[in-house]
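Annotation comment: TrEMBL describes B:20-37, B:254-281 as transmembrane segment. What TrEMBL lists as domain 'CHASE' is B:110-246. TrEMBL lists B:301-344, B:587-647 with the feature domain 'PAS'. The feature domain 'PAC' is assigned by TrEMBL to B:371-424, B:663-714. Annotated domain 'Histidine kinase' per TrEMBL: B:732-942, in sequence order.
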Amino acid sequence: MTKKAIWVIDDDPIYQIIINKIIQRSEMFSIVTTFKNGKEAIDALHDTVHHKLDTTEILPDIILLDINMPIMDGWEFMEKMGLIKSKFSKPITVYIVSSSIAAEDKNKSKTYTDILGYLSKPVTINDLVLIASND
Amino acid sequence: MDNKKYPKFIRWFLDRPKTTGFITFIFLSYVAGFIVSQQYQLIKEGEQREMNNTLRIVNQNIEQSLKNCYTTTLTLALTINDLGIPENFDDVGKKLMESNTNINAVQLVPNGVIKYIYPIKGNEAAINLNILASPYLKEEALKSVSSQKMYFAGPLKLRQGGMGIVGRFPVFRNNKFWGFSAVIIKLDNLLKSSGINTVDDSKYYFQFSKKNTTTKKEIFYLPNKTDFSEKYNISTIIPDGDWKLYLISKHPNYFYAQILIPAIIGFILAALFGILIYTLLKIPEELQFLVNTQATKLLNSEIKFKTIFDQASVGIALVDASSGTYIEINKQYCNMLGYTSQEMREQNFQLVTNSNGVSNKERKDKKIIPENSGVKQYRTKSGKIVWANLTVTPLLETSARPSTNIIIAEDITLQKETDEIIKKSEIRFKSLFEDSPIPLWEEDFSKVKNYLEELNLIHKDSKEVLLYLNEHPDVVKECISLVKVIDVNNVCLKLHEVKSKKELIAGLDQIISKESIDGFTKQLIAITQGEKQLITDSTIKNSFGQYRDVNLRWNVIRGYEKTLERIIVSTEDITDRKSSENLILKSQQRVESLINTIDGIVWECDAKTFAFNFISQKSEKILGYTSEEWLASKTFWADHIHPEDKEWTMNYCALKTKGNLNHDFEYRMIAKNGAVVWLRDIVNVISENGQAFSLRGIMIDITKTKEAEKDLNDSFNLVTEQNKRLLNFSYIVSHNLRSHTSNIASIMSLIESSESEEEKDEMIQLLKSVSNSLNETMVHLNEVINIRANIGLVSESLNLQQYLDTVQKVLSEQITSKDVSISTIMPENVMINYNPAYLESILYNIISNSIRYSHPERKPIIVIQWIEENDTKVLQISDNGIGIDLVKNADKIFGMYKTFSTNSDSKGIGLFITKNQIDAMGGNITVESKPNIGTTFKIYIQ
């Protein structure tokens with residue numbers, strides 16, 4: 001089984017450090033890329049698509065997405081990604097990772113077909129293993 | 001003009017009197033001129049002839065004298081002998097002189113030298129004059145020598161004195177010039193012998209001339225040498241002396257004078273004749289014009305009379321007196337009898353006259369046409385009887401029996417019929433009067449009127465009369481007795497409960513009781529005011545002593561207005577009606593009082609126009625308008641609905657009314673004092689034959705309910721808002737705390753599973769920073785909770801400017817480094833009631849935000865303004881910074897931990913706290929912003 005590429009989009013710097021550690025520990029992913037907010041991530045996707053880079057290599061397989069972020073939040077990111085996803089060379093699976101336990105957010109996440117799951121923080125190594133192997 | 005009887009050519013002249021007159025004048029002038037010129041010619045010829053005769057005679061005389069001289073000279077020459085010497089010169093001379101008295105002297109001039117003269121006496125001066133040597137005489141002398149003929153020289157000045165002519169006869173001897181035999185004739189003598197002097201010198205005069213042979217100039221010898229070339233003259237030449245004899249007319253214009261007067265007379269005559277012709281021709285034209293005018297007038301009057309005749313409303317006919325046939329008949333006459341005018345002409349006057357209408361006397365007299373005028377009966381074509389008032393007027397001289405009559409027939413059938421009708425209506429009236437269900441009185445008030453007149457009460461002021469009558473009951477009593485009852489009807493008997501009319505007719509004083517006097521007084525006042533009618537309610541007492549209410553109607557019969565001889569009085573018994581009326585009135589009052597006690601405006605209006613016809617008194621209490629004010633305007637209701645409600649209210653009401661649906665709705669109206677009044681209007685549609693006819697309803701004042709409803713709504717909104725905020729807050733709390741706790745949990749598990757000490761230390765460091773963040777969050781939350789709980793919230797009166805200055809001082813480092821310009825536009829010493837800490841915090845947060853998010857490409861400008869918006873104080877802070885996309889972030893801008901920029905300083909707490917602080921002070925904050933242009937915050941201060 002080939003290791004997958006993973007993107008983490010979250011504005012919490014501490015969380016970013018922690019998730020990086022956890023991802024490493026899980027040993028399920030080849031590449032980890034982090035973004036501070038939705039805008040940075042969507043810009044990266046745009047670049048990939050427009051410059052016709054070797055998309056399969058650069059594009060992630062999985063995105064861990066926070067909801068509350070400055071500049072561009074998780075929902076807006078989903079909208080923007082929906083506009084350009086047809087140009088992706090492979091399917092990208094999105095998981096919401098939020099400290100929010102509000103049912104409202106959970107329900108909203110179900111309206112997006114690209115969102116495969118909703119994870120509440122804290123994320124454990126087991127969660128990641130499941131995600132990685134869930135195909 | 002009618003000149004058709006003349007040929008065209010003449011008519012042309014007759015039609016043009018001026019031209020014709022002028023032509024006549026020209027023609028006559030020409031004729032006169034011609035005659036005058038002929039006359040002139042004749043006179044001239046006679047004159048010439050006379051002059052020629054005269055001249056010829058004179059000429060002959062002269063020639064005669066000269067011939068004599070010729071003889072004389074010849075004789076004298078014969079005296080010359082062969083030697084050339086004259087013999088017996090003196091004797092011969094003497095004899096010659098005696099025989100020819102004209103000659104003044106005779107001469108013999110051998111070789112041009114005058115040697116012999118007879119008589120010598122007086123002629124001595126001429127002896128020995130050599131004429132051939134004298135230049136004065138030489139030429140003429142030589143002329144006779146060369147022509148060898150006798151030639152008369154001169155007239156010339158004689159040596160011996162005076163003017164004379166010298167006839168020289170050249171004498172040749174043996175063909176050799178010897179000399180001259182000459183005679184001298186004094187010019188005077190010559191002329192005398194010529195007979196010039198005997199000629200009438202009033203008309204003519206002579207002139208005698210000779211052409212100078214050398215100068216060719218004509219020399220005149222007689223007096224009157226004036227130039228006569230202009231004058232009429234004739235002349236003859238006497239060759240013996242190369243003389244020219246003129247006979248000159250003394251009056252050069254003599255002829256003209258002779259013809260001038262006839263010419264003028266002729267001209268004047270011509271002119272007069274021309275005028276005469278013109279006038280004569282003009283007369284028929286004027287006459288024609290006069291005739292035309294008169295004819296038009298005649299025609300007009302004929303039309304007028306014809307029209308009058310035809311259109312007259314009375315029948316007019318011209319009838320032959322003897323036969324009775326109609327000669328002329330007008331339309332009305334025909335109409336009256338129903339015949340056409342043609343048919344009438346064929347009718348005899350008598351035929352159409354109904355026999356009934358002709359008096360016996362007339363029938364006996366067999367008079368065809370009635371001589372007297374009067375009422376006659378006619379039978380029309382259709383057999384109807386027509387009554388006519390006839391006026392017969394003979395149309396001829398008075399003496400003779402008239403041949404034609406003018407008949408004027410006035411249709412009086414209607415009048416007759418009216419009389420009949422009146423008769424019938426009188427009967428009808430009588431029966432009506434008798435059988436009327438209402439008691440009727442026929443009364444005579446004439447005496448009353450006279451009495452009132454005597455008292456001088458007529459036309460006095462009604463109040464004055466009333467006062468007088470009240471003060472003088474005896475006058476009233478007298479009046480009562482003066483009323484004469486003529487008749488009463490049957491019902492009257494019943495009303496008064498009497499058995500016979502007599503009791504009533506006997507007099508009013510028997511009937512009128514104390515109670516009826518009021519009604520009677522009113523009648524008296526009506527009489528004084530000249531009124532013809534009076535309607536009043538009165539009371540009578542019948543014979544049983546019962547009181548009855550009556551409606552008294554007092555009417556003067558037409559035609560008796562002055563005398564008041566006939567008055568009809570009706571006294572309708574209204575006792576029963578009155579009592580039922582009272583009943584109705586009471587129940588009405590009851591209903592009305594009930595309506596007025598209802599706490600709502602009871603109303604009724606027209607279903608189509610919404611014009612109100614009833615409004616209960618509550619209107620004044622609820623809206624301030626009295627029901628009169630409301631009913632005064634047809635559109636009162638529509639005009640006083642709240643402008644925001646008017647359209648839908650009217651539409652709704654119209655829609656429901658159309659559908660005949662009772663309805664119940666709420667709207668606002670504007671009260672008289674301007675207040676808004678909420679009304680609930682419960683409407684009943686009253687329909688007739690399925691059509692909405694009128695609306696009735698009640699308007700209930702629900703303003704208080706509405707206000708309570710509003711209060712309730714407001715507090716509900718407030719609670720909802722607070723609830724939302726609370727929810728938001730709890731969400732924030734849970735989210736923020738959870739993010740930290742989840743981090744802690746993650747770190748803990750990482751520590752547990754870490755294999756190296758190094759890693760553990762790293763995690764512990766991480767844990768520390770999480771702890772710090774958590775603490776910070778706790779502080780923030782605490783702050784927010786404090787704000788919300790209003791703990792330690794004290795408001796003071798603060799100087800706004802002072803606080804602005806303080807904040808700027810705190811931020812001075814940033815302001816300097818970014819070169820920010822802050823301008824303040826507000827009045828001095830603006831004081832606001834605020835919590836000092838909050839005010840500082842709010843100003844700090846907003847201004848520091850403006851500086852932090854300034855646009856990197858331009859100098860930051862912040863404008864702080866103090867404005868008033870709808871009586872609310874507003875502090876407005878505007879910047880020209882990077883702005884916020886409000887389309888995306890409108891609901892987030894004042895949320896906790898919401899940041900909109902990549903700026904690492906942004907924590908997303910400042911505006912959240914600011915908003916909470918402003919809310920806690922009872923104010924509000926709004927934001928307007930455009931990306932890249934700037935942001936404006938408005939802080940509403942209570």
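Keep in mind that glycine also has a Cβ here, set from the backbone N, Cα and C atoms.
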Revision key, fill the gap. Spatial neighbours of the transmembrane segment (B:254-281) not adjacent in sequence (6+ beyond its ends, CB under 8 Å) are 13-14, 17-18, 20-22, 24-29, 31-33, 35-37, 39-40, 43-44, 47, 232
Revision key, fill the gap. DSSP tally for the domain 'PAC' (B:371-424), helix/strand/coil in that order, comes to 12 helix, 24 strand, 18 coil
Review point. Under the DSSP assignment, what numbers of helix, strand and coil residues are found in the domain 'PAS' (B:301-344)?
Key: 22 helix, 11 strand, 11 coil
**Study point:** Helix, strand and coil totals (DSSP H, G, I; E, B; other) for the domain 'CHASE' (B:110-246)
**Key:** 27 helix, 56 strand, 54 coil
Check your understanding: Over the domain 'PAC' (B:371-424), what is the model's mean pLDDT?
Key -> 77
Practice item. Summarise the domain 'PAS' (B:587-647) by DSSP state, stating how many residues are helix, strand and coil. Key: 33 helix, 11 strand, 17 coil
